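These come from TrEMBL:
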- 287-420: domain 'GGDEF' (DOMAIN)
- 79-96: transmembrane segment (TRANSMEM)
- 108-129: transmembrane segment (TRANSMEM)
- 141-161: transmembrane segment (TRANSMEM)
- 167-184: transmembrane segment (TRANSMEM)
- 191-208: transmembrane segment (TRANSMEM)
- 220-243: transmembrane segment (TRANSMEM)
Ligand SMILES: Nc1nc2c(ncn2[C@@H]2O[C@H](COP(=O)(O)OP(=O)(O)OP(=O)(O)O)[C@@H](O)[C@H]2O)c(=O)[nH]1
């Protein structure tokens with residue numbers, strides 16, 4: 001059991017603040033792979049399905065790493081669905097071509113159609129085989145639009161100008177592709193870029209067929225630009241809804257921290273990363289990681305004395321304190337009620353005990369307040385355990401909970417280590 005005197009705690013807190021400062025450069029084993037772990041959430045950050053979400057739908061710059069993965073999975077399902085439709089339409093189109101196009105035009109389009117169909121099958125395979133590769137999924141989504149557009153461009157380039165007016169049924173390709181943009185949860189910048197490319201393609205086609213700057217040509221351009229605006233609106237609402245649903249599914253609405261479900265996913269991810277990096281960067285075993293379980297002491301008393309809404313306020317202040325006391329790659333979650341869990345990435349048992357003690361001290365010294373600014377005395381008990389890479393995620397939570405129970409039993413406002421198997425500490 002670890003319960004330091006105030007001065008020792010202050011020294012430990014100061015020392016550990018230096019050790020774990022957010023401005024400190026990551027250690028060597030916190031390498032690029034750590035980026036695959038989600039960032040701590042911004043406490044109190046809200047996402048709305050409206051204009052305020054524009055920042056989040058304009059580009060993926062502000063998306064968390066975790067959402068980028070969820071987004072890519074969603075994108076992949078759209079690529080598979082639309083890719084299948086395009087791949088099925090392609091041979092059907094050969095039949096339509098042979099019915100409506102003059103025979104001499106078929107030799108310009110037939111080979112291109114077959115190549116297009118093969119390309120679409122390739123895109124489908126790429127998306128199907130790469131479930132977790134974000135870049136490949138994005139690439140396949142781009143190719144799904146680029147392939148038909150390139151096919152149309154090639155036909156226009158190859159076709160002798162006297163045959164262009166006979167090219168029936170091709171002028172709608174830019175329109176179809178701009179409409180298809182609305183099916184994907186693309187960011188606004190991605191869609192805008194693709195839409196501008198389609199407008200350029202249509203303008204090029206008009207220059208070739210002679211309708212550029214004519215009334216008919218202007219009408220087509222205007223129609224395509226309007227369609228692009230509608231697709232952009234659809235992208236915005238689709239992506240912001242996706243962001244909001246994702247956030248609701250993975251975050252606690254009161255504190256903004258990760259919820260229990262997201263925590264379990266994170267635990268499994270950290271363990272997978274431990275296994276992956278075993279023996280790397282001069283480590284003899286895997287990267288040490290730890291789990292802290294924290295519980296506010298006599299929280300029922302706070303609810304009873306000050307009311308439930310002040311209890312909620314204390315929970316939010318506690319959540320903010322936990323985020324401020326941990327690093328970017330640590331995961332802070334609300335486990336339920338007044339229980340919280342922190343995964344410390346790259347910290348072994350000894351370091352985790354120091355962090356836990358620093359948090360305990362910070363809670364004791366922090367000024368939690370009610371709605372009128374009156375100070376409420378708050379303390380927390382903490383159980384600490386090391387995360388083993390090959391155990392079920394629930395096992396580490398159970399050990400941390402047992403340690404927390406001991407901390408409570410010993411008088412609360414304590415940090416207690418779990419009883420680890422010998423040699424694991
Ligand atoms: N305000 C508020 N209270 C909550 C929330 N979730 C759980 N609680 C309350 O948290 C209290 C937990 O009480 P106990 O399990 O008895 O724990 P405790 O009073 O903190 O006592 P110890 O943990 O033994 O120190 C209960 O009164 C719950 O109603 C919440 O979201 N908001």
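Each Cβ is built from the backbone N, Cα and C atoms, and glycine gets one as well.
What you see is a predicted model, and the numbers here were worked out from it, not measured in a lab.
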Among 79-96, 141-161, 167-184, 191-208, the stretch with the most Cβ pairs under 8 Å to the transmembrane segment (108-129) is 79-96
Short question: most Cβ pairs under 8 Å with the transmembrane segment (167-184), which of 79-96, 141-161, 191-208, 220-243? 220-243
DSSP tally for the domain 'GGDEF' (287-420), helix/strand/coil in that order, comes to 59 helix, 35 strand, 40 coil
Of the listed stretches (79-96, 191-208, 220-243), which one yields the highest count of Cβ-Cβ distances below 8 Å with the transmembrane segment (141-161)? 191-208
